[in-house]
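Marked as domain 'ABC transporter' by Swiss-Prot on the basis of sequence analysis: 7-209. Annotation comment: Swiss-Prot describes G39, H40, N41, G42, I43, G44, K45, T46 as ATP binding site.
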Amino acid sequence: MFEQHKLSLQNLSCQRGERVLFRALTCDFNSGDFVQIEGHNGIGKTSLLRILAGLAQPLEGEVRWDAEAISKQREQYHQNLLYLGHLLGVKPELTAWENLQFYQRISQAEQNTDMLWDLLEKVGLLGREDLPAAQLSAGQQKRIALGRLWLSQAPLWILDEPFTAIDKKGVEILTALFDEHAQRGGIVLLTSHQEVPSSHLQKLNLAAYKAE
C-alpha cells in the first residue's frame, strides 16, 4: 500500500497560442482515485496532463502535491510520478528485453530476471524480446513503454492515451492494472478515446471549465 497523497488543482487556467482552453479548474485527486479526463478534441486534455506532470505552466493557478506547490518540490514530486505521454521514451537501438531491463534498473533496487520474463508475457512481446525496438511496430513499441507501469513504484500515474494501438485484451489487462494501482492507494489519471472497462472509474469533463 502507498502512503496517503493528494494532488490539488487550484484555479487552473490553460492557454495555447492566443486561445484559453479552460478556466478556473479546481479539484482534488486523492489516494485510490482512478480518473479519466474527458472533453472534445482541442479542449486541453493533453495540456492539462502536461501541467500536472510539471512539463508546462498554467496561465493561472497552481498544482499542489500534498499541499505544497509542485514548482517548489520538483525533484521530490517527480520521484512520486510516472508520466507517459505521446513520446514513448523507448530506446530504438535497444531490444524489447533491454528496454525493460533499463526501466527496471532505474525504478527498482533489485534486478529480477523472472519478473522481466513475466512482464514480456503480460505486454505480449514474448518471442520478440531480442528484436531492436526500431524493428517493432508502433503498437509493440507502445507495449514496451507501458511495461514501465508494472515496474514503477511511483504512486501517481499520469497517462496520455495509454490504450492507443492496444488491442481489446491489452486494454482489459491495463485497466485491471490501473484498478489494482488505485486499490493499493495510488492515483491514476488518464485520457482515452476508448471506453475504459472499469466500474471504479471516475470522470472529469473539461467542458465544464471551458473558457467563454
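A Cβ is built for glycine as well, from the same backbone N, Cα and C atoms used for every other residue.
A map of Swiss-Prot features onto the structure.
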residue : record           : contacts (Cβ under 8 Å, 6+ apart)
G39     : ATP binding site : K45, N205, L206, A207, K210
H40     : ATP binding site : A207
N41     : ATP binding site : none
G42     : ATP binding site : L21
I43     : ATP binding site : L21, F22, L206, A207, K210
G44     : ATP binding site : C14, R16, L21, F22, L206
T46     : ATP binding site : G85, H86, D160, T191
In three-state terms from DSSP, label G39 (ATP binding site) for me. coil
Over the domain 'ABC transporter' (7-209), what is the model's mean pLDDT? 95
Beyond G39, H40, N41, G42, I43, G44, K45, T46, what residues of that chain have CB atoms within 8 A of the centre of the ATP site's CB atoms? L21, S47, L206
